[in-house]
Amino acid sequence: MQQGTLMRKVKSKSWKKQRYFKLQEDCMTIWYQSKRTGKIESAFSISDVETVREGHQSEVLQSVAEEFPPERCFTIVFYGRRGNLDLVAGSAEEAQCWVQGLRQLIEPRSFPLTFALVSCTWIRDWFQKADKNKDGRMNFKEVQRLLKLMNVDMNEDHALRLFQDADKSESGTLEGEEFVLFYKALTQREEVLSLFQEFSEDGKKLTLLELVDFLREEQLEDEGTEELAMELIDKYEPSETARARHVLSADGFLMYLCSLEGSIFNPQHRVLWQDMSQPLCHYFISSSHNTYLIEDQIRGHSSIEGYIRALKRGCRCLEVDCWDGPNGEPIVYHGHTFTSKIPFREVVSTLGNSKTSWGNSSSPLPSMGMSPPSSRPQRASLSCLRVWAQGPWRRWVAQGASLSLTPQELKHKILLKGKKIGRLEDTLDGPGDEVPDVSDDDNGAEAEEERRRAKVRGTQHGSALQKDKETLAQALSDCVIYCKNVPFRGFQEARSHSRPSEISSLSEAKARKLIRDEGNEFVRHNSWQLTRVYPSGMRTDSSNYSPQEMWNVGCQIVALNFQTAGTEMDLCDGLFSQNGCCGYVLKPPFMRDEETLFNPSDPSSREGPGPITLTIQVISGQQLPKVANSKEGAIIDPLVRVEIYGVPADQAHQETKYIENNGFNPRWDETLQFQIHVPELALIRFVVEDYDKTSRNDFVGQFTLAFANIKPGYRHIHLLSKDGTSIPPSSLFVHIRITE
């Protein structure tokens, strides 16, 4: 009997064990067993896998890079907080076989296949959980246990009736196809069937013209509707006979509504759809704070995994804090704290890995902020530059100062944001004699550190040593050719003396004060110069501030702690999930005008039409997950809250009533209505919670998107977990209307 593929499972440089890996016959489960004992160690479902990375794209595999070539290495990344699985195949061909095979299973070519795969996997997973005696059959007692596991509190008589209808063999148990029949009866979507029959003359099918009527009247599709109807039938109708007759069955109709075309997110906005030829300051840019940290700010773990995760998430501004390390090799960590340290060389290698950083060739590539090493600039700066000069990625460092660099021009390039000796023009004309400028920082910590360094430099003697230091500092400074850090001394001062190629960093508290006192001036400033905002130094737990208030005044680089899940990162993911997830979102026209009158505290200052009305009918939910760490047999009481984030006048939330004891197919049929004054800046967050009358509600799932990306009509919202990963097949079914 074939045992599977023999590969090395790697946990660290010293822990590399051989294991047999095998894809089960259902093509949905992978198990692995010890080569020595033959014992099956673990198994996982294909639905648990988020992505597969090739090469040395994890901290563990980078640590064994000298031992194993990248073409034999790959990493399986799971949804949620489950650790990565790092593997080394016996050959490059074997690795490719697994990589491509897994990708085919987790990234099918069409959404219906994804939907079918997820549903099939879900059925199988629940069957295995409820089949307590593992005999491959399920009696009625086990079915009752299954309903509890699936968040269903069903009347016993009704459950027995469904059980008996599915028990075609009259054996008193369900197996194979009988269980599938039971599951289909359990998941019957009455609200979708009712909508289908409303447009179907015979209640059994939608003709091409009937489908066109539905698309025009309800989905508000007004261009190429007949062609779209034909495409939907060809794509989602499971019956070949129905496809040949150009009709859509109820099953096909449901598959369409559950597909990408039936999602609330406009599919045309998932690709790169915005103008990418405008100056950098005209875009919101996905940005992270202390990217290397994956835990807290004081004792947390530093890891290149932080960079990999941020880049995969679409982040385009990364932070690298360089400090002197042993043997003249710089290190990266949160200075003056107890966080762990990683070699700067490993960070550079990670950023230089094209599969990590530039996986989407159509995406503009990241700018990167770098703080130089501290007290021994001679050795540290030299080794920094040596590292930067090595490797094929050197060509990606942007060369040549420009006052209007655009994301389009910066494709496949890296910008260094940092301090600089002299003016930017000196990079091209020759060295300057100016002391490096210092950005504002929380409690003046960075400024104080720079003053300390300057004092050390001022007390050094010896012309040879001084000349060497200046040469090295100048060489490092010359890498900064666009985003030169300058201190912020007020909007008037910036307008008079600063350049568009410069950037100021502000703490969240300082930015908030400027928003409150000089909102319009802040918007104008951000129309021609970049501003970076970073979390307060008091956020030692790596918590986040709300990015929305910073976006309201046009701040481009709003740095967040990507490792911390919560509403703030939901908003970040929601804004940047559009435009091909490239990490750049074009600001609205009134925020790109240097003479704009817009002030977020006064919505009437926005030029354009008046407020719009957003009407959301929350109809139903499907297969909502249980609350983490809930008691066995506990069933959620779900409610839906819709939250609006935007300018202060638009901040609002409303919620439905809760449905008692039904997380499987709750029905709300409630209508919520909002007035939105500045829709261009609004984000909509849908949250499902488990109601608790004695304590705080528990989080179940969420989905966030920009108002501009909403597709009106009958739509499904595919929910995400607290850390932003998919939780199939959990969804909400809603009806959206937008009126002026």
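For all residues, glycine too, the Cβ spot is worked out from N, Cα and C.
Annotated features, as they stand in TrEMBL:
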- 1-107: domain 'PH' (DOMAIN)
- 118-153: domain 'EF-hand' (DOMAIN)
- 154-189: domain 'EF-hand' (DOMAIN)
- 355-377: region 'Disordered' (REGION)
- 361-377: compositional bias 'Low complexity' (COMPBIAS)
- 425-465: region 'Disordered' (REGION)
- 427-448: compositional bias 'Acidic residues' (COMPBIAS)
- 476-592: domain 'PI-PLC Y-box' (DOMAIN)
- 592-721: domain 'C2' (DOMAIN)
Report summary line: Counted with DSSP (H/G/I as helix, E/B as strand, rest coil), the domain 'C2' (592-721) has 12 helix, 62 strand, 56 coil
Query raised in the report: Where else in the chain does the domain 'EF-hand' (154-189) make close Cβ contacts, counting only residues six or more beyond its ends and a cut-off under 8 Å?
Result: 123, 126-127, 136-140, 143-144, 147, 254, 620, 622-623, 664-665
Query - Across the domain 'PI-PLC Y-box' (476-592), average pLDDT on the 0 to 100 scale - result: 94
